[in-house]
Amino acid sequence: MKFIIESSQIMVYTVVFCSLIALAFIYLKVADHFNIIDKPNQRSSHVEPTIRGGGIIFYLAIVLFYILSDFKYTPFFLAVTLIALVSFIDDLIMLSPKVRLIAHFTTAFLLIWQLGLLESPIWLLLLIPIIIVGFFNLYNFMDGLNAMTGLYSIVVLSGFLWINTIEHVMDSNLIIYVLLSLVVFGYFNFRKKAKCFAGDIGSMTLATLLFFLGAKFIITLQAPIFILIIVVYGIDACLTIFLRMSRKEKISEAHRHHLYQKLVDVSKWSHLKVSGVYAFIQLLIVILIYYFYKENWTIQFSLIFSVIALLAVVYFYAIRYYKRIESKI
């Protein structure tokens, strides 16, 4: 496998990277001036007011790609623009659930258009948007620690880029530009006291991109194993929702029941340690995907079920362990 970058392309990446750095500093100044601040609440893992919406840099990276690529993937760009705009407004003034839901489903249909699935059976056209909207919210739920979304997304996008250099599923620059934006964001967020959080605009932009990439790779390569490329987040988010529903809790209410939150609250792990562990486990799974995405579906589905089962067992064991500890406090 060779990944050769021409000198002219290096220059473009350098300009994009420097532009993103400048845009990040500009946003921080603007956000500070207009008091775009995330104040701690019951669900928060931070204790000090911190600038929110820093994830706007991910969207700006996609804007730069769209312009420099002569407007590739227009339906995707419209989708990510819509969800970024609505999410940023939600970061500022807290939109009603109805408005958010309409925006999320509209974004889902734009992604379906981009993926060439508009001629699918009606039942599938009704099911896919529900899956997409569910994915958006699951990814957003997991954005709760310093470096969590940043490190995890770097691992996932690097996995896509790695395999894309072999298979050429799509324009690698889309992935590279967003990776550069994650590095810029990391400077402000990958620390004990973060200078800014991604906000809904950040997590929702990344969720839209990752769903697009995952679906594109699954469809193009006929490789369902790419479902595992976000499985660590998926297990924690989905099983936490399952447990809360079994306890008849309101899903919309703030809580501290995610496994990553237990690691911080009970085990007293640092944010960076928890984020690093989640990213490392996902990295191991990305390597697994690389070695098996060309295998037949029997092998791929066997691996999918095995990995999900293993992670589920670890999750439930850990949750029971923390429940026993908390009962003694």
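Quick reminder: no glycine exception, Cβ is built from N, Cα and C everywhere.
Listed in TrEMBL:
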- 12-30: transmembrane segment (TRANSMEM)
- 51-68: transmembrane segment (TRANSMEM)
- 74-92: transmembrane segment (TRANSMEM)
- 122-142: transmembrane segment (TRANSMEM)
- N140, D200: Mg(2+) binding site (BINDING)
- 149-166: transmembrane segment (TRANSMEM)
- 172-190: transmembrane segment (TRANSMEM)
- 197-219: transmembrane segment (TRANSMEM)
- 225-243: transmembrane segment (TRANSMEM)
- 276-293: transmembrane segment (TRANSMEM)
- 299-319: transmembrane segment (TRANSMEM)
Annotated stretches the transmembrane segment (172-190) and the transmembrane segment (51-68) touching (3 or more Cβ pairs under 8 Å): yes
Touch test for the transmembrane segment (51-68) and the transmembrane segment (122-142), at least 3 Cβ pairs under 8 Å: no
For the transmembrane segment (197-219), sequence-distant contacts whose Cβ falls under 8 Å of one of its Cβ atoms, 6 or more beyond its ends: 38, 46, 50-59, 62, 73, 76, 79-80, 83-84, 87-88, 90-91, 107, 111, 114-116, 132, 135-136, 139-140, 142-143, 149-150, 153, 156-157, 160, 163, 167, 169-170, 174-175, 178, 185, 189, 226-227, 229-230
Selection from 12-30, 74-92, 122-142, 149-166, 225-243, the stretch that has most Cβ pairs under 8 A to the transmembrane segment (299-319): 225-243
Other CB atoms within 10 A, centred on D200 (Mg(2+) binding site): 26
Secondary structure at D200 (Mg(2+) binding site), reduced by DSSP to three states: helix
DSSP three-state assignment for N140 (Mg(2+) binding site): helix
Set of same-chain residues at least 6 away whose C-beta sits under 8 angstroms from N140 (Mg(2+) binding site): D200, S203, M204, A207
